[in-house]
Amino acid sequence: MSALRNQDPEIHDVIQKEVQRQNDGLELIASENFASRAVMEAMGTALTNKYAEGLPGKRYYGGCEVVDRAEELARERAKELYDCDWVNVQPHAGAQANSAVYLTLLDPGDTFLGLDLSHGGHLTHGSPVNFSGILYEAEYYGVEEETGRIDMNRVRDRAKEVQPKMISIGASAYPRDFDYEAFREIADEVGAFLWMDMAHTAGLIAGGVLNDPMPHTHVVTTTTHKTLRGPRGGMILLGDDYENPMGKTARKSGRTKMMSELLDSAVFPGTQGGPLMHVIAAKAVGFKEALKPSFAEYTQQVVDNAQAMGAELRERGYDLVSDGTDNHLVLIDLRNKGLTGKEAEQALEAAGITANKNMVPFDDKSPFVTSGLRLGTPAMTTRGFGPDEFAHVAEMIDRVLQDPEDEDTQAAVEREVKALCDQHPLYDVAMA
């Protein structure tokens, strides 16, 4: 990066410091991961210079024959990865992919049913401060207070009560798998579309360690980072393409449009302008990596590690929402420890451990304080951590949280963290 160092030493210094931070610390934020050098190299190329509004073979600009191939590779690999009929790899982020689904399936003011944000849902599933809760009528289902799990009978009752036009599945802090077949039965009963946002679990689904939503849903969205370990971005998928049931037709021929056509139009020109071709190329690289047998092994290790960390925390007296995990994260309810999520997050960060405060079901604290702590295993599993290391991580977390204001303990744990990370190197700081 000599050109950057010479041209803008301040930004070069920022990047170098961030590489150092990632190298030296324990990254336990469940939505974060470490992209490969190949993925990062694809993003830092001349492809960033090219405008390519439209789709391969049907662009609004000339000179797209080369970038067309990059997008075709991304689409082909994504379809192979998820054994699906159609994908759009252009969404800049998961939120943009989600907005295209709303634009396609709903009209402003329509009712949809999603997982309550305070029970593990996501902002784009109906939060009143997000477009999804501003433009549409959001209703919610949640988890049971005793079990921390979704009760499908309660979901059915709620769906019959509110009669949604769409039901959404997916979460940012739900540690269990979803019963897609049961969700589809409920959606069919009330005549609703079923949409799965697999942003958090896309890699685990691709690796075969979680249930597959494709056979049961009308549409699926995802990010391409998180457990999928590609670049930051979004994607929309259809298990099978089908004629849109809303009866929308092509202007000239009068034929019924396919759902894929409506979703393509909802991405561009509906919610975005030009696609980011350097990121789409990086998505193609990430998908190729995820098609390797080693990626399936990685995803199984992610789950094994989360379960090992959760078991050790439970042994040390921590309450886990749903009493464990099926996926990449554990959610700790800290109320029995007399701690807030904010206090825990700050104490751990001082010890070189990055996690995030999080609402827990039936939380009585604000989103800026919270009663919970969310911990994830994808990033450190990428660095080669196994169950033994994650049991050690749980022990260090407990040591810090026993007295979150003890600076000596924080300093000692930070040294221990650095030594552990040195055994599992990530990036060479010289890359910056």
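From the backbone N, Cα and C atoms, a Cβ is placed for every residue, glycine too.
Over in Swiss-Prot, the protein carries these features:
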BINDING   Leu117, Gly121, His122, Leu123, Ser366, Pro367, Phe368  (6S)-5,6,7,8-tetrahydrofolate binding site
MOD_RES   Lys226  N6-(pyridoxal phosphate)lysine
SITE      His225  site 'Plays an important role in substrate specificity'
**Report entry** Same-chain residues at least 6 apart in sequence whose Cβ lies under 8 Å from Lys226 (N6-(pyridoxal phosphate)lysine)
**Finding:** Ala30, Ser31, Glu32, Asn33, Ala199, His200, Ala202, Gly203, Pro378
Report summary line: In whole Å, the longest Cα-Cα distance within the recorded (6S)-5,6,7,8-tetrahydrofolate binders Leu117, Gly121, His122, Leu123, Ser366, Pro367, Phe368 is 16
Report task. Could you find out if DSSP has Phe368 ((6S)-5,6,7,8-tetrahydrofolate binding site) as helix, strand or coil? Result -> coil
Requested in this report: In three-state terms from DSSP, label His122 ((6S)-5,6,7,8-tetrahydrofolate binding site) for me.
Outcome: coil
Query raised in the report: Which residue, out of the binding-site residues Gly121, Pro367, shows the minimum number of other Cβ atoms inside 10 Å of its Cβ in this structure?
Result: Pro367
**Report entry** Whole-number Å value for how far His225 (site 'Plays an important role in substrate specificity') lies from His122 ((6S)-5,6,7,8-tetrahydrofolate binding site) (Cα to Cα)
**Finding:** 16
Report task. Sort Leu117 ((6S)-5,6,7,8-tetrahydrofolate binding site) into helix, strand or coil using the DSSP assignment. Result -> helix
Query raised in the report: Near Phe368 ((6S)-5,6,7,8-tetrahydrofolate binding site), which residues of its own chain have a C-beta under 8 A away, given they sit six or more steps off in sequence?
Result: Lys342
Requested in this report: Find, among the binding-site residues listed as Leu117, Leu123, the one whose Cβ has the highest number of other Cβ atoms within 10 Å in the structure shown.
Outcome: Leu117
